[in-house]
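Chemist: Sharing a structure below in structure tokens format, with a few things to ask.
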């Protein structure tokens, strides 16, 4: 059910519940009042008739007494007096009827007006009381009022009948007016509620429109509803939610893109050696070859196989690093440096490179094996970048913020500015062909270092100038 | 002799391609990056270029745009099997596409296709005293027409195109009968027998133990 329909229905129900009964109650009260008024006026009217009959009798008596010939006032005289009097009395909508003790009709207006009655309960009047009854006769409603009067010991029943249909018709008219009015008001109510709900619903519709856009995946959309009411508040909260969702979605997107790039690169790194291995093997089994081709081909197969092996191990390391919780213990950096240097002596000797250690006595929380991998990667990179007889500086110190710094600095070829942000990406190689020629780098070393640094809550910084050398710092935060 | 330039940064792959090209009697040179390739193309004339997409310095697509005006046929070599890349390459006007890892025979077949398309390769292949007319689908031995069935002809073409290379039974099935062929490898043996008989190539078509057959010159 639409909002405006709901508002309309509620308003209509409330209106009907209060307005209709109240109106009916008012109409009924007014009807009651009118009826009572009619009855009262009828009774007093009747009273007036009775009184006037009595005063007529009195006049008759006076007349008779002034004329001694006559012998008193008889019933007949009285009957004719009543008849005469009432005949002269012509009032509209009012009918009179007089009956004597023996139910003999003395006078009646009814006969002329085609009113015939079978039962006349109102005539059973207990002595002095006035009795009345309301009767429907044909289309009309009449008020019957009966009263006993006694004229010279003759008892008469005087009935006063009045047409009070108008009172009933009045009520009927009012009721039909109420129905018409009700219909009219309902119609007006529809229009008013539609307009009103349109006004109320407008910001909600705006909200709906925006939320639909957001729901369809356009998370950068914002709800543009500005008001201080509940809807404004809802819009505000919705916007906050949208911001949050957008952030999360972007984060997920980035993670997924990173993963996709990782996989793409991995596929490339796997395919290249596989192409060689399969290709050479296929060549050797399907072609005639000389000794030189044979040895060359096998060498390539061997080297590329080794390369795949190395890649597998590095990948394993990377995966393990991402998964495991490492227990960090306090370890001395200077001891670590010496150990590392010893393991690198053969490699250093090939290029006649001097690895200079300068260290303060510093200890940090570390996993010694991981830290060795990190240092080995950094030094390996430095050696690759260096020319023969260069110098590599390995040092540790506290910087001005008294944070512990571990630093590897070479005077080698450096990294181009464009590449410096990408060096930590898996499989990135600043110059692929050279690093291949230079001992088969995989482009995973610095990614590994980054993961290891993360485990140690340390930050890796890199500074490099093309042709002048590279400096990599590990800044410990603890 | 047809000269082919191989632009490939991986030494192992480059060398492998060169080996395969040599067996098919193509002359080849290698460039390890885009810059080097540009230099070589300027100074020398090539009939075809095998171009790796992922190259240091100048990538394959960029390089292709630069050498396009020269009208040299180009086949892309790539480890990327993404459809978008292929579509990009083919739309740009690359003649063909080979995804790594590839096999030597496939590479040679594609090279031959492209070369024939450019009319750099004759439609007649000669092998000893036999002429194979690819267009007319005719085989002549000492000028005399030899009657062959369609499958026999296809098999013969494949053999002479890859002479001195062992063709495995799987490869032959794949090439002549299609991937979805369900049947015995003996079918191939039967066809080979018929070829040997019709062409009198008893010694030329050698059976290589456990692998397949080789046409020897």
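Count begins at 1; order follows the chain as displayed.
Cβ atoms here come from the backbone N, Cα and C positions, even for glycine.
Reproduced below are the annotations present in TrEMBL:
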type	residues	note
DOMAIN	B:3-115	domain 'Response regulatory'
MOD_RES	B:52	4-aspartylphosphate
DOMAIN	B:122-217	domain 'OmpR/PhoB-type'
DNA_BIND	B:122-217	DNA-binding region
Chemist: Sorted by position, what residues of the same chain at least six away from the residue listed as '4-aspartylphosphate' have a C-beta under 8 A from it?
Modeler: B:7, B:8, B:9, B:10, B:13, B:60, B:76, B:77, B:78
Chemist: Run through the domain 'OmpR/PhoB-type' (B:122-217) and tell me, per DSSP, how many residues are helix, strand and coil.
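Modeler: Across the domain 'OmpR/PhoB-type' (B:122-217), the residues distribute as 35 helix, 27 strand, 34 coil.
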Chemist: Express the predicted model's confidence over the DNA-binding region (B:122-217) as a mean pLDDT, rounded to an integer.
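Modeler: Averaged over the DNA-binding region (B:122-217), the predicted model reaches a pLDDT of 86.
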